[in-house]
Amino acid sequence: AVAKLLAAADVTAALEGCKADDSFNHKVFFQKTGLAKKSNEELEAIFKILDQDKSGFIEDEELELFLQNFSAGARTLTKTETETFLKAGDSDGDGKIGVDEFQKLVKA
């Protein structure tokens, strides 16, 4: 799981900060969890966990379940949050986020 690569207290704090629907902000989440400080290699390992169907991309269905990769009991992202997250990360406009796009998004 992703949580093994991050400090538990940081993950808990980040999840607490986005419990309410439409309160998820990927930049804040990446900062609070410590993801923003990870190396590209570590981010690639995390990407592979998030890419649940192993397609080489994170699609909207996987983004919707994003928080559950950090804690099984976390909520799903709303449609608005998922669309905003996808738009922020999908720099080539193909409707999904590749590993390079994910690394850039986390470090942005």
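Any Cβ shown, glycine's included, is placed from N, Cα and C.
Owing to the predicted nature of the structure, the values given are computational and were not obtained by experimental measurement.
Ala1 (N-acetylalanine) falls outside any helix or strand according to DSSP and counts as coil. Residues or ranges marked as N-acetylalanine in Swiss-Prot (evidence: experimental evidence): Ala1.
Helix, strand and coil counts from DSSP across the domain 'EF-hand 1' (38-73) read 20 helix, 2 strand, 14 coil. Annotation comment: Swiss-Prot describes 38-73 as domain 'EF-hand 1', evidence class sequence analysis.
In the shown protein chains, 10 other C-beta atoms lie within 10 A of the C-beta of Asp53 (Ca(2+) 1 binding site). Look at Swiss-Prot and you will find Asp51, Asp53, Ser55, Phe57, Glu59, Glu62 tagged as Ca(2+) 1 binding site.
The annotation domain 'EF-hand 2' is assigned in Swiss-Prot to 77-108. Sequence-distant contacts of the domain 'EF-hand 2' (77-108) (same chain, six or more residues past either end, CB-CB distance under 8 Å): 21-22, 24, 26-27, 30, 35-36, 38, 40, 43-44, 47, 50, 55-60, 63-67.
As annotated by Swiss-Prot, Ca(2+) 2 binding site applies to Asp90, Asp92, Asp94, Lys96, Glu101. Under the DSSP three-state reduction, Glu101 (Ca(2+) 2 binding site) is assigned to helix.
Between the listed recorded positions, namely Ala1, Asp94, Glu101, the fewest other CB atoms within 10 angstroms of a CB are found at Asp94. Asp94 (Ca(2+) 2 binding site) sits 10 Å from Phe57 (Ca(2+) 1 binding site), taking the Cα positions as reference.
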